[in-house]
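Going by Swiss-Prot, these are the annotated features:
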| type | residues | note |
| --- | --- | --- |
| BINDING | H556, H560, C666, H670 | Zn(2+) binding site |
Amino acid sequence: MDSKEIRASFLNFFKSKGCTVVASSSLIPQADPTLLFTSAGMVQFKANFLGLDKSLHRAVTCQKCVRTTDIDSVGFTNRHLTFFEMLGNFSFGDYFKEQAINWAWEYLTQTLQIPAEKLYVSIYKGGIAERDNEAYNFWLKHLPKEKIFELGEKDNFWTMGPTGPCGPCSEIYYDFGDKGCKNKNCNIECDCGRFVEIWNIVFTQFDRKDDGSIVPLSQKNIDTGMGLERLVMAMQNVQSPFETDLFTPTINEAKKLLKIEGKIKEEISTLRIVSDHIRSSVFLISEGILPSNEGRGYILRRLIRRALRYGKLAGVKGPFLHLLVSVIDLHFGEIYPEIRNNKNYISSVIKTEEEAFFKTLENGEERLEDIIKKSKKTISGENAFYLYETFGFPVELTKEIALAKGLALDEESFEKAKKEAREKSRSYADEFSKEKLVVLQKIENSLKNTFVGYEQIQTKSKVLIVLNDKFEQVKELSGPGYAVLDKTPFYATGGGQMGDRGAFSWKDGQALVSTAEKPLSNIILHAVEVSGVLKEGSEIEVKIDPVNRKKTAANHTAVHLINEALRQVIGESVHQAGSFVSADVFRFDYTAPHAPTSEQLARVFEMANNAVIRAHPVNCEIRPLEDAKKLGAVTLVGEQYADPARFVMVGANFNEPSLKYSLELCGGTHVNNTSEIITVILIKEGALSAGVRRIEGVAGIAAIDYLKENTHALSAMAKTLETSLKEVPARVNSVLEDLKAAKKEIASLRQKLLTGGSGGTQVKEDVLNGKKIISMKAEGANPKELRTLADSLSQKHKDAVIVIAVDNGDRRSFVVKKAEGSNTDACTLAKGLAGKMEGSAGGKADFAQGGCKVTDWNEFLKTIKELL
């Protein structure tokens, strides 16, 4: 059986047992912000396990998972992977231990026809809870007791945490044959690789209390997990997932691209790293994640760059990973349409990151080589952080290269340097939001509220809870704090749009609302400043600021107009990568392989403003998610939408979708007609990161304000320049040309003064061992002038090496230039000077520059001669 057949057989088997087939959830956990990635099948079912969602009783999934704790091990072991698929069947207060065990055995031995002699199991032997006699007796119906092993808490007892749901588990092991330690006593407790756990069945039947006692749960659950990769290994009778059909197509194509056979150890590791990391990268990008230096984006960047470095070590000179995307699509695109639908986009993102990294690698490796030469046993964390911060050079690569050179990396001091840098930029709000989350999670089930802001801008509401500015729940509040209401017209910050502001009022007081946010999916939290006393349980009048809402709505609908215009002008490569919408400005981030031309940008804003002039209706409807494809709606890559979802159509009604200007799935607030936008103005456009660009603009009332401010500034400039508004650009260009000519004349005069020996300049000519040296101390010269002087002198002295320096406080800057007829290496001389004078230097054979501490000038010249 191939992997597709095995995956389908698992889902179909448990469907026949009454389980609902549930699609894989996103790799980005939607209901648990504490997780970086989805790493188990049960993550999407937390509410079902806790009894909060009773819509499902039995379920079966094939869940996409990413685990990144062992990235450095991938490629060097038979088992480690970063992306994997977890097959799982679940019960929420429905079937329990006997059925779970019987069905697992039936599936493995009858559906897959795995020989029973290949299978072993383990049960919980007892400890904090009693021995799992039930599981033991159920397994005895299928296996002799010699094949049932009893293990402790570490292997066979699952807990959610120090308290809460927990229970014993039973693991199923597959015997891969006598290829491990070959010890006659080898069994499932041996880590030689012969016995591999393929399925874990968790029996969640207890609740652990604060005092450590364990009591039965009222709802007993089943949570199982079986790695598809390991199961396919067993079915295809191979020793590693990299030998299964989940990887072999990618590895075979990688062999061609890397021009290696994969027969020696280093080549095998490279192929495994490349095939694993490209697979993970494709899935992550299909979820809307982009390479960055933080969070999930950093993991993605790390995977791409690690694969690239090993490709480079194999001899590759340029980007190659993006060429493997089509192989991943061929094998997984049918099962996971988010890959097939975004194949070109994924390839473009990876190629852009590859191009950026090859530049980074060249610069970073050169600097790292200098650091390695100066390091004895350990590379300092400060140096590693310098490479990371300045060149984007991953610390993991620094560590791997250092180890290959026999050096260690001081990871502790690296983390310290990184932490200090983060402390400088960390906002109090980021830390405070974590505190909010912890408090609200404890009481969220009693705080469900309703958003009515699409239909109303004011309403009567009941105060559910109030919290003070320290985020402590109180009965009454005066001054700053927070409130949750039973219903609210306040749009909470989300989807790139800033939250509403407005006010609460009641008989004896009022509260200004500065913003609303949504820390959990069912809670809108209002930040308030109370005059009087706001009481829990009280009835209040709630109203948003209508002008602020109108300005924000104009900017948000303008973003939709720009998005559609970009897609039409630039093409399919455009995908939304982020957005920010407030009352005063909008920002739109989009993917693009190249910068748009000025003509393209002009066309984009012309299209958007034509849509404004045509006074298109803007219609919003809640519709089934499946309508998105039917109607041609634009969706965000990787976004997990509710079903039903909110559709925003510009230019037509839903009965005539072919007439539309644009259609997106969006939960934000919008104008009713594009004429309310008035105009859309570009403020600036530029690169945000590799392959991602940003447009900043204004629309509506904010655009009018922007035009007023700029007209006022232009009028003031016209007055200063003594010209008309219309002639300001020409007059400014004329002034700039005059300034440029004056600067050029000043630079020429300065060079003449410097080379003429005035102003403290000292020029010296020496010949040592047949090598001609021209040295100069150019007081007051800037770095650009140093280079110009060196170039000028090298033309006059074609067989010399030129050294020019300038002192600035306690530091000396210098350049070294090798004239055409000289055989002295400028970079070697510069680094030698820096090394002897507590400095640093770099460059190439013909030109180098550096800095060092100030010493006596004659001592400096003496050092040059010693080095030559």
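Numbering starts at 1 and runs along the chain as displayed.
Yeah, the Cβs are placed from backbone N, Cα and C, and that goes for glycine too.
Owing to the predicted nature of the structure, the values given are computational and were not obtained by experimental measurement.
Take the mean position of the Cβ atoms of H556, H560, C666, H670, the recorded Zn(2+) site; other residues of that chain with a Cβ within 8 Å of it are A553, T557, V559, V618, V648, E664, G668, T669. Close to H670 (Zn(2+) binding site) in the fold, though at least 6 residues off in sequence, lie A553, H556, T557, H560, V618, C620, V648, each with a CB less than 8 Å from its CB.
For the recorded site, H556 (Zn(2+) binding site), the DSSP three-state label reads helix. Packing around C666 (Zn(2+) binding site) is summarised by its Cβ count: 24 other Cβ atoms lie within 10 angstroms of its Cβ, all protein chains included.
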